[in-house]
Amino acid sequence: MHMQGKPPSEKQFEILIRMHADENRGLRVYYVYEKMKKFGVKPRVFLYNRIMDALVKTDHLDLAISVYNDFKEDGLVEESITFMILIKGLCKAGRMDEVFDLLGRMRNNLCKPDVFAYTAVVKVLVSEGNLESCLRVWEEMHRDGVHPDVMAYSTLIMALCEGNRVDKGYELFKEMKERKYLIDRAIYGSLIEAYVADQKVGLACDLLKDLMGSGYRADLSIYNSLIKGLCNVQQVDRAYKLLQVTIQEDLQPDFSTMNPILVSYAELKRMDEFCTLLAQMQKLGYCVIDDLSKFFSFMVEKDDRVTLALEVFEYLKKKNYRTVSVYNIFMESLLKNGEVNKALELFRELNDSDLVPDSITYSNAILCYVEAGNIHEACTCYNRIKESSSIPSIDAYYSLGKGLSILGEVDAVIELVRDCLAHVTSGPMEFKYTLTIIHVCKLNNAGKLIDVVNEMVDQGCPPNSVIYAAIIYGMCKHGTIEEARKVFARMRELKFLSEADEIVYDEILVDHMKKKTADLVLSGLKFFGLESKLKAKGCTVLSS
């Protein structure tokens, strides 16, 4: 339009500003505003508000304040929404002194902020986790003689409970009761949960009575908080009574309801009551076997409870409460704690039972056997997984690969690597580089291999026994012993290998080359039909 000799109108600028504001393009809004100034078009108050709001919402507060300064220079008078747009932005940025300056200006030039304005400020500060500033705004509201409404109270009380300021939240709760406000059940729930977290279970129980006295029915989350709190202070019998209330009121208690009681019974060695509760859960239609898996998973999260969990499991086995998943949980936990022999005892016990181990069981067993140095049994477990058309865990692949490479089983390592990368979406970095190294070995150039190793190190993946096996495999198939030795010598210089390790891998290299050479000779004899003639002459070296 400017090129046609017609300057743009305010309405046209307004359309552009609305379009960019709706798409949250704050900087484009500011660019249009700058163009307005260039053409001498002064926005009206509502358009200024729209520009500042778009800038605040897209976190360009300083630009919004610069627009506000232009607003004042134009001699325009602020509306309530003008102040609130800027106040919300300043609250979000934590610039509270400027917030109170604006509130004062609003009070002097326009009107006192109403309850809705203060509630909006509190909500913004709560979303930013700025409780201290919330309380300052709350005091300012009282000084203005503005009475908070239910929304303001509930917003601040729930924020104080989440921010570990439950006592202050309770003071506001009492204010609400004095003002005869209708208190939402969510406020009771927040206070109860916060008191339980603060180990003030007695006060939480008093709030439950108050809640029920007000005509409310407590929901399951409130009962769950109280049951957990009572169990934490060794009052499991009271917790059990609350559990019965949830059943009577048909609140459908879940695992979160039952678990604290089960844990308390286990810690107090009250196993008969433990089993009674399991039986009750079964009658209510719960899948007890699945819940027991969750229970034991919870128990073994803390190392100091693993022994207790095992004792409980020993007792439950007599009642036929045992599953493969529970065995898996314990094997994994014991392995993590370095108790490999105990984990293998559980594996053997599972094998001897009528339960059928799954791929997770065998994967855990592979980790245990490799840790114990029994690679043969680890391979047996791997084969069991493959026979069942399942896939080992990535950790099992990696552990077995390292174990086989240390033993010098180079071909088996490469086969394992290929199997892993064919079946998992993201295998170990070392396995991926294994194939790269084998490919680079075709160049028979030690320098190129060292470049790959350096790239691995840059990626945070230092070479290990699997990589050394890949070098041996690739060089024996595509290169020479001399180049392979140059690679190992250079890696020793770079401190990737010790001198002793270099000697060990050199022996593996020579043995593997001999094996490959023998395989080639045998293949040649078979190809030319000489194998049968040699056997006929009494050669025993070729006998299978």
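Please read every residue number as a count from 1 along the shown chain.
Placement of Cβ uses the backbone N, Cα and C atoms for every residue, glycine included.
When the repeat 'PPR' (79-113) is classified with DSSP, helix, strand and coil residues number 28 helix, 0 strand, 7 coil. The repeat 'PPR' annotation in TrEMBL covers 79-113 (among others).
Residues or ranges marked as repeat 'PPR' by TrEMBL: 114-148 (among others). When Cβ-Cβ distances below 8 Å are used as the criterion, the repeat 'PPR' (114-148) is approached by residues 80, 83-84, 87-88, 91-92, 94, 96, 99-100, 103, 107, 155-156, 159-160, 163, 165, 168, 179 of the same chain, each at least six residues removed from its ends.
The annotation repeat 'PPR' is assigned in TrEMBL to 149-183 (among others). Mean pLDDT for the repeat 'PPR' (149-183) in this predicted model: 90.
Feature annotation from TrEMBL assigns repeat 'PPR' to 219-253 (among others).
The annotation repeat 'PPR' is assigned in TrEMBL to 323-357 (among others). Sequence-distant contacts of the repeat 'PPR' (323-357) (same chain, six or more residues past either end, CB-CB distance under 8 Å): 289, 292-293, 296-297, 300, 303, 306, 309-310, 313, 364-365, 367-369, 371-372, 384.
As annotated by TrEMBL, repeat 'PPR' applies to 358-392 (among others).
According to DSSP, the repeat 'PPR' (464-498) comprises 27 helix, 0 strand, 8 coil. Residues or ranges marked as repeat 'PPR' by TrEMBL: 464-498 (among others).
If one looks beyond the repeat 'PPR' (358-392) by at least 6 residues along the same chain, the residues whose Cβ comes under 8 Å of a Cβ in the stretch are 324-325, 327-328, 331-332, 335, 340-341, 343-344, 347, 350, 399-400, 402-404, 407, 409, 412, 416, 420, 423-424. Taking Cβ pairs closer than 8 Å, the repeat 'PPR' (79-113) reaches residues 45, 48-49, 52-53, 55-56, 59, 61, 64-65, 68, 71, 120-121, 124-125, 127-128, 130, 133, 136-137, 140-141, 144-146 in its own chain, all 6 or more past its ends. Look at the repeat 'PPR' (358-392): DSSP puts its residues at 27 helix, 0 strand, 8 coil. Long-range neighbours of the repeat 'PPR' (464-498) within the same chain, counting only residues 6 or more positions beyond its ends whose Cβ lies under 8 Å from a Cβ of the stretch, are 398, 401-402, 404-406, 410-411, 413-414, 417, 430-431, 433-435, 437-446, 449-450, 453, 456, 505-506, 508-510, 512-513, 516. Secondary structure of the repeat 'PPR' (219-253) per DSSP (helix as H, G, I; strand as E, B; remaining residues coil): 26 helix, 0 strand, 9 coil. Helix, strand and coil residue tallies for the repeat 'PPR' (114-148), in that order: 26 helix, 0 strand, 9 coil [DSSP].
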